[in-house]
Amino acid sequence: LRPGARARRLDEEASGTLEPACTKGTVPKNGLSTHSSCLLKNALFISNLFFTVMGLVVLGMGLWGLITKESFAQERIGHIGTDPMLVFVFLGLTLCLLCLMGCVGSLRENSCLLRLFSGAVLILVAAQVLVAIAAYSLQDQIVPVLRSGMLTAMVRYQDDLDMRFITDEIQMNLQCCGADNYRDWEMNLYYNCSAPGVQACGVPASCCIDPLENGTVWNSQCGVGAQQLVEFSAQSVIYLGGCLGGIARWIEQNKQLIGIVGIALLGVQILTLIVTTRLLDNIQWSKAISSQRDVES
């Protein structure tokens, strides 16, 4: 800087109209460490960046579901408003917008945005704690509810594209068939052994061990007649175990990881709330000192 510009900068810093650089770690006359303020803003920015990535992942899952089900096709676009994948799209967009609010509020030191952001985070934390308490209190009822939901989805398998999509994804990813076992498909109108048609006494292709013919073509008939086979013969064609057992085994195998991830996410949100509150206090303190200086001058 030229001597004149350097002198003007020093005068501005001394008057409080310009804060010194974050890296200097100085303490302005408002009693607030600039270095500390920058750390708070950077911590809040990184936290929001992390949750923005999570929001984009959730948004991507929702869009993937819509595209996979061809929900944007001309014959289905009229029913897209009731598509459950929109829940993931809505949650992803909401999380991204919330994080954008936090980022802009921290970088611009906007008290209004930061208050809105902290209020939303507080509501989210409270909601997650309440859900965790309810889930723990009602854990004995979770399995019956899952069984009822799974059986309902199986009954409506051909008539509801959303139910079919969810059921197929569960059966393929957990390598299972039916709720308790593969014979649960007997309750479906089309897979019932007394039903007319080629699907009678069969199971969906998502129950098959190898539903891809030659590894490329989806064989929708691979589960035909599977219910008529004895278990020894059926086990080479389809998965015999039910999805409720698969879900229970997955939870049992990953319960420690689920607990750690849940506690970590909740901890990060609480830490974000604390940082936001501290940054708001700093901004208010700085404004109060600036107002006091204006009055004194």
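Using the three backbone atoms N, Cα and C, a Cβ is placed for every residue, glycine included.
Predicted, not measured: the structure shown is a model, and the values here were computed from it.
These come from TrEMBL:
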- 43-65: transmembrane segment (TRANSMEM)
- 85-104: transmembrane segment (TRANSMEM)
- 116-138: transmembrane segment (TRANSMEM)
- Cys177-Cys193: disulfide bond (DISULFID)
- 257-280: transmembrane segment (TRANSMEM)
Across every protein chain in view, the count of C-beta atoms other than its own within 10 A of the C-beta of Cys193 (disulfide bond) is 13
Under a criterion of Cβ-Cβ distance under 8 Å and sequence separation of at least 6, what residues of the same chain contact Cys177 (disulfide bond)? Gln171, Trp185, Val203, Cys207, Ile238, Tyr239, Leu240, Gly241, Gly242, Cys243
